[in-house]
Amino acid sequence: MANSRRTAAIIVAGGRGLRAGGGGPKQYRTLAGQPVIYRSMQPFCTHPDVFAVQPVTSPDDIALFEQAVAGLTHRPPANGGATRQQSVYSGLEALAKDAPDIVLIHDAARAFVDAALISRAIVAAQRTGAAVPTIPVTDTIKQVNGTNDVEATPDRATLRIAQTPQAFRYDVILEAHRRAAREGRDDFTDDAAIAEWAGLTVATFEGDAANMKLTTPEDFVREESRLAALLGDIRTGTGYDVHAFGDGDHVWLCGLKVPHNRGFLAHSDGDVGLHALVDAILGALADGDIGSHFPPTDPQWKGAASDKFLKYAIDRVHARGGRIANLEVTMICERPKIGPLREAMRERIAEITGLPVSRIAVKATTSERLGFTGREEGIAATACATIRLPWGPNGLSG
């Protein structure tokens with residue numbers, strides 16, 4: 001991919017978007033808890049080949065903008081104009097002091113752009129100098145007259161739906177905008193149209209059907225439903241386990257053999273951390289508890305390693321088409337000290353479950369010398385598991 005200093009992005013967010021309803025500019029409304037403009041800017045701000053993101057906003061919306069995109073790295077917003085064309089021109093001029101080679105121009109109302117589409121845009125602009133993402137027209141199109149009578153049926157094989165980000169050599173599109181401003185042309189609805197008017201050949205590259213523009217209240221309702229379906233049925237389960245100390249020189253905790261002056265009194269290896277996690281996962285599935293799946297009266301589990309139990313619980317999630325979102329376990333004991341072992345425990349649980357370490361938390365506390373853990377008679381553990389299951393045909397997960 002090209003050097004990251006070569007490409008900048010303009011995010012056009014100066015419009016009012018009143019057709020979308022909601023009582024304010026649509027780019028500051030939320031979808032699944034995130035502002036639309038955050039969703040549309042974030043992929044550019046984190047793309048390795050985009051060195052600068054130049055937002056364009058209404059001066060009246062600065063406070064809304066700063067709140068909506070908190071945490072993203074971007075240039076100070078340029079002031080938007082009365083039309084989209086004027087807003088883009090403002091963004092182009094704002095980049096002039098540190099001019100990029102390639103500029104991507106993206107509508108803030110397109111909240112589903114992704115890194116792959118951005119990469120395709122950069123490559124297309126490098127290859128052609130002016131390019132627009134498109135998707136095929138699948139409906140039959142009718143051309144009508146002033147009284148809405150059909151005049152023609154264009155061949156849809158020659159038609160495409162244009163999207164953003166549209167990609168250009170910066171110097172070429174800047175000059176096209178400057179010329180349009182000099183000649184009083186402010187009626188272009190996208191930047192590809194300005195490039196065409198200026199005599200440039202505009203290529204196309206593969207767009208993305210999901211990269212739709214949010215325009216009407218119905219668009220927001222539909223996309224909220226779609227995003228909710230993608231999240232699936234989110235469930236949480238909790239678990240608790242305790243084992244008393246007995247004779248021995250080690251204990252098993254979160255999959256690790258930990259030297260200690262006592263051992264556990266247990267049917268299996270007594271790993272309270274993993275047992276609590278197993279119960280939490282089974283609870284999220286509404287699938288009984290560890291004792292119902294691995295009865296302590298069954299001799300086959302005598303001395304069994306608890307990683308088998310955890311793998312079994314994970315397999316139960318996968319068998320229902322689900323996945324683990326997060327696992328958390330809290331160890332409650334005076335000794336052994338958990339702090340020095342915390343990262344090794346996280347890594348061991350990650351190894352057993354196949355999850356990234358970033359989705360596993362291991363915490364520790366004491367009971368302030370109260371109760372059986374305070375008297376060092378044993379160890380307790382609590383756990384929490386968050387899982388996602390797919391929705392079934394009746395709107396419920398299986």
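Note: Cβ is positioned from N, Cα and C throughout, glycine not excepted.
The 4-CDP-2-C-methyl-D-erythritol 2-phosphate binding site annotation in Swiss-Prot covers D241, V242, H243, H267, S268, D289, I290, G291, T365, T366, S367, E368, F372, R375 and rests on sequence analysis. If you look up Swiss-Prot, you'll see D241, H243, H275 marked as divalent metal cation binding site. The region '2-C-methyl-D-erythritol 4-phosphate cytidylyltransferase' annotation in Swiss-Prot covers 1-234. Marked as region '2-C-methyl-D-erythritol 2,4-cyclodiphosphate synthase' by Swiss-Prot: 235-398. According to Swiss-Prot, the feature site 'Positions MEP for the nucleophilic attack' maps to R156, K213, an assignment based on sequence analysis.
Positions of the features from Swiss-Prot, shown on the structure.
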| residue | record | contacts (Cβ under 8 Å, 6+ apart) |
| --- | --- | --- |
| R156 | site 'Positions MEP for the nucleophilic attack' | P136, V137, T138, D139, T140, I141 |
| K213 | site 'Positions MEP for the nucleophilic attack' | D107, A109, R110, Q163, D219 |
| D241 | 4-CDP-2-C-methyl-D-erythritol 2-phosphate binding site | V272, G273, H275, A276, D279, I290, A380, A381 |
| H243 | 4-CDP-2-C-methyl-D-erythritol 2-phosphate binding site | F264, L265, A266, G270, V272, G378, I379 |
| S268 | 4-CDP-2-C-methyl-D-erythritol 2-phosphate binding site | H275, F294, P296, W301, K302, G303, A304, A305, S306, F309 |
| T365 | 4-CDP-2-C-methyl-D-erythritol 2-phosphate binding site | T330, M331, I332 |
| S367 | 4-CDP-2-C-methyl-D-erythritol 2-phosphate binding site | I332, T373, G374 |
| F372 | 4-CDP-2-C-methyl-D-erythritol 2-phosphate binding site | V242, A244, G378 |
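If you take every residue in the region '2-C-methyl-D-erythritol 2,4-cyclodiphosphate synthase' (235-398) and average the pLDDT, you get 94.
F372 (4-CDP-2-C-methyl-D-erythritol 2-phosphate binding site) falls within a helical segment according to DSSP. Cβ neighbour count for H275 (divalent metal cation binding site): 29 (other Cβ atoms within 10 Å of its Cβ, all protein chains included). Spanning the residues D241, V242, H243, H267, S268, D289, I290, G291, T365, T366, S367, E368, F372, R375 that the record associates with binding 4-CDP-2-C-methyl-D-erythritol 2-phosphate, the maximal Cα-Cα distance equals 30 Å.
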